[in-house]
Structures are given as structure tokens and as C-alpha cells.
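K.L.:
Have a look at the structure that comes next, please.
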């Protein structure tokens, strides 16, 4: 059974209220007359019978008038409800005509219906966020396609040149294979970074107690040789900081922060890492100057400080995007600001583990 539309229900409700008020009014007027027997004799009528007929006729005409009034009130309620709901109907038509390609359109309501302005503004805000999300998704797909296609194109070119070279020697073939291995490692690193980014976007399925100090200490054991090769000095101040999180994602966050601090540094530069209770991780490094307006962009996928999209010596531009995704999944507050002399100062504040007191190990 189809439920009546809102306009119909409002009209029926309006008529029912008018009818109920009329019934109450008739009861208030008629019942005292019936109880007291107070009537007005009619000339030619026979006493009580005439009085009773007079009262009955009065009630009958009143009931007919009440039914007519209820019908009129239903019609008026229909018109009033239609006029009141007209902006909602316009919003529905506008929203129905939207698609993924024109989410930048905005819903409009007449100025006379300010009661619906808040609803329209809320829907416009939702459409704006959807538009930004779809735009970012399209940009991400385009960037990922470019990043994956470039090494494949280079690999094919190397193979074609080597195969068509009649004077190719064993040394030439070996050199080509080595270049292909380097490109293969780049693709492997890119795919691993994309998987890590997808894992951050999926959120946290389970949480455990994770000590950021112990986690950072273990990760530095793997990054120590890389820091030595780059001539970067590492300073750590690791106080216990027990948080609730996914150990695998937390390790990925710390790894990408440290890797980013080492990769985007200068010879003889420094990397400072600290953990403090209740759940703060801070990574600071020297490096090239970063304009303040560029900091937020660096946390988007495939964004680098430079403009060269083909040079992968400094990574694929996914490290800080992975950090931002994992921090968001843990509901951790991520802040970053540039140093005046170059480099970044990044802080991640995790929610502390339940029952863990500040300063306890």
C-alpha cells in the first residue's frame, strides 16, 4: 500500500483538526442544552416535541456545516501545503538533475523561503565535498596511470633499441638488463606505496597498544645505513608514548616519515625524531626551503616539492600522502610547518591507549 504524499497528509491533518475543533464546540454547546432541557418553543409546535425537534434540527444543520467546513479546510490545507513545500520540490528537482560531471552546481531556493536556506546550504556543502572528492579521485587515477606508464615506456624503448641493434654485445645486453632491473625496482616500490596508501584509506580494523618509542627505535635500525650513506646526522629523544593503533599502519607511518626526512635532506644535514607522552611523534629535518603555501600540497598523492614528474630519485611523491591517510585513519592530529632555513617539522598526535597514564611506560 502506497503511503500518501506529505502534501496530502498535511491537508488531511488540517481538515481533521478543524473537524475535531468543530465537534468539540458542538459538544460544548449542545450537551448543556440536552441536560437542562432548555429549548425555545416554536409557535404551532407541540410543547416538548417541538422543542426537541428544534434542537435536533439545529444540531443537524451544524453537523452539515461542520462537514462542509472540513472539506473547505482540506482544500485550503492542500493549497497552503503545496505553497509551503514548493521550495522542497524545487530542491528535489535540482538534486535529481545533478550528475558526477556537474557537482559544482549549487541548489537555489527563492528568497521568500529562508526556512529552506539552511537545508540548501547543507546540501551545497555536501555537493562541494563530493565534487572535491571526485576531482581528487580523477587526478589520482591520472597521476597513477602516468607513474605506472612512464617506466613501462622506458622499458619497452630499451628493449626495442637493444633488439634492433645489430652490433649489440654481451656487455650491452648486461647493461640493458641492469637498467631494466632498476626500473622494475621503481615499479615495485610504487606498487608497494600504492598498497600502503590504500591500506591507510581503508581505516583501522583492529587496535593494539603500540609504543611509538620502541617502534621508532626498531625502524631506525633499518634506516641507519641509509643515513650514513647520505651523510645525515640523526638525533633521537624517544620517551615512552603508548597509543592505540594498528601496529602495521603505525610502522608504515613512522617509516615514511623517517624515509622522507632522510630522502629530502642535504649532505651534512640533520634529522631529529622524538616521542613524548601521551602519544606525540615529531620528525624534523633540514633540507631545501619549503614555501608555507606548498606544505598542504605535499600531503597529496604524487606531489613533490619540485616540478619534475619523471625524476624518481626522490621517490614517487606518496610518502607524506601515506602519512596523512594513516593519521586520519587513527584520528590522529597531523601538523606540519617549514623551517626558515629549509626542511619540515612534522608532528603527529595519536590518541593515547585506554588506561595509559601520561608519563608511564
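Positions of Cβ are set from backbone N, Cα and C atoms, glycine also.
As annotated by TrEMBL, transmembrane segment applies to 12-34, 61-81. The domain 'HAMP' feature in TrEMBL is assigned to 82-135. The domain 'Histidine kinase' feature in TrEMBL is assigned to 143-354. The region 'Disordered' annotation in TrEMBL covers 336-361.
Quick one: where do these features end up spatially?
P.N.:
Beyond the transmembrane segment (12-34), the same-chain residues lying 6 or more positions past its ends with a Cβ under 8 Å from any Cβ of the stretch are 4, 55, 58-59, 62-63, 66-67, 69-71, 73-74, 76-77, 80-81.
When pLDDT values are averaged over the domain 'HAMP' (82-135), the model yields 76.
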K.L.:
Determine how many residues of the domain 'HAMP' (82-135) DSSP places in helix, in strand and in coil.
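P.N.:
Counts, helix then strand then coil: 36 helix, 0 strand, 18 coil.
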